[in-house]
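Undergrad: Quick one: structure below, then a few questions.
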Amino acid sequence: MIRRIVGKTLGLLGYTIQYGCIAHCAFEYIGEVVICSGPSMEPTIRNYDVLLCDNLSRHFFSIHKGDIIVAKSPDKPSVNICKRVIGLEGDKVCMSSPSALLKRHTYVPKGHVWLEGDNLDNSTDSRSYGPVPYALIRGRICLRVWPLESFGPLKESPNGRIQDNWP
């Protein structure tokens, strides 16, 4: 009797561990659901929007200018950030806010990207902490799933910061 209960308990524990490992691999390497908080990506992404993040992108496809990505924060590695890619390695990017009279530029180093929020006045991004290493990128946002009235792919940058060549 006890042997049968122990056997069933161990079997259930084994299945739980298996499914836990499968779920971990799926969320880590294939994709995950992300709930965004904070105003840095408004109006494109609002507080508590639910997004689908494609984690395969970082392994098999190139990250492009204009993509919205999820990355580990360079300042706080335990926190994920959701920002738009403004520059790729070798690109010249503007470090100043759009309202600044004197514009400062820099080049994105090899193996890094330049990230900015769409709400430039209320975003802590590469203008604060500098270029972000590719290794910190977790995935690319591909779809908004909630709220349902906004279901679908995300819009282009509303502030026009993505340019091929800065003056």
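Even glycines carry a Cβ here, placed using N, Cα and C.
Features from Swiss-Prot:
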ACT_SITE  SER40  active site
ACT_SITE  LYS83  active site
Undergrad: In whole Å, note down how far the CA of SER40 (active site) lies from the CA of LYS83 (active site).
TA: 8
Undergrad: Under 8 Å Cβ-Cβ from SER40 (active site), six or more apart in the same chain: what's there?
TA: CYS82, LYS83, GLY117, ASP118, ASN119, ASN122, SER123, THR124, ASP125
Undergrad: Which of the three DSSP-derived classes (helix, strand, coil) applies to LYS83 (active site)?
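TA: LYS83 (active site) sits in a strand per DSSP.
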